[in-house]
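J.: Supplied in structure tokens, the structure appears directly below.
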Amino acid sequence: YKLSVSPEMDIMEYCRKEWRGNTPTAKKMRKGYEAVAQKFASIRRIRGDNYCAFRATLFQALSQATQLPRWLQSEDFTMLPENLLSRYDWIKQWRLRQKPGKRMGEISDEIKEYLILLRKKWKNISEIKGSLEKQEACDKLFKNEEEEYSLYEALKFLMLNTAIELYNADKSGRRVPVFSWLLFARDTSSNPCQLMHNHLNHIGHSGGLEQVEMFLLAYALQYTIQVYRLYKYSTDEFITLYPNDPEEDWPVVTLITEDDRHYNIPVRMCQETML
């Protein structure tokens, strides 16, 4: 049994264990970790199974949540699958995670269940006052495989909904963020239907999130995802923000990656040294 989110470990101790050699890459990684260690004391490893970007982002968002995001409060949030399916027949080809021994119901009912679970868990965890208790609740949630993967299904569906909104906004001449053009400029995702078939349906099965899909995830959650990209140390892209022009009131979560494929999370922010 693999832990979804491993216990915390000193960040530099982790780095020394992982990057021992004297190759240029190892030196660069050590420098990158040293820079992260200026801000964070520890690291938690995230289980790598093509869901790690979801897992890292959601874990960080929940572990610092103090209220339910506005989009989760809306009345028609759980009606989303029904509303979208009534307008876009192709969503019936959404690939649901097969649960052993459970017969699949209507696709909209299944996804509705996942959305209700996401709202419930977010609400419960955000209402916990003590930071230790909040952390324990997150650890417990990410040990429950059934619930954990259901939450990722909810996130994927929210990404599809966001993609449809952006695509329609662009077609009707409204301003959309630059990443939206990039998302639909790919041969494999020139519209939301293709995005679903060629990308979203494969996340967690045969692939993780690509760079441009990190932007989509950030927009779907209305969170800024700040990533330390260690292999980009000493370039402008060492700390990358998704989206790069975030809304001021979006909360920020921080992740670490060595290769843009696997993500871990830094924890325990160091007390900022007074200048």
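Here the Cβ of each residue, glycine as well, is placed from N, Cα and C on the backbone.
Per TrEMBL, active site is recorded for Asp49, His262. Residues or ranges marked as active site, nucleophile by TrEMBL: Cys52. The site 'Linear diubiquitin binding' annotation in TrEMBL covers Glu237.
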J.: If you draw a 10 Å sphere around the Cβ of Cys52 (active site, nucleophile), how many other Cβ atoms fall inside it, taking every protein chain shown into account?
T.: 23
J.: Can you tell which of Asp49, Glu237 has the most other C-beta atoms within 10 Å, given these are the recorded positions?
T.: Asp49
J.: Going by C-alpha positions, which of the recorded positions (Asp49, Cys52, Glu237) is nearest His262 (active site)?
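T.: Nearest listed residue in space: Cys52.
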J.: Can you tell me how far the Cα of the residue listed as 'active site, nucleophile' sits from the Cα of Glu237 (site 'Linear diubiquitin binding'), in Å?
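T.: Cα-Cα distance, the residue listed as 'active site, nucleophile' to Glu237 (site 'Linear diubiquitin binding'): 21 Å.
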J.: Can you tell me the CA-to-CA distance separating Glu237 (site 'Linear diubiquitin binding') and Asp49 (active site), as a whole number of Å?
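T.: Here the two Cα atoms lie 25 Å apart.
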J.: Suppose we draw a 10 Å sphere around the Cβ of His262 (active site). How many other Cβ atoms does it contain, all chains included?
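T.: The Cβ of His262 (active site) has 18 Cβ neighbours within 10 Å.
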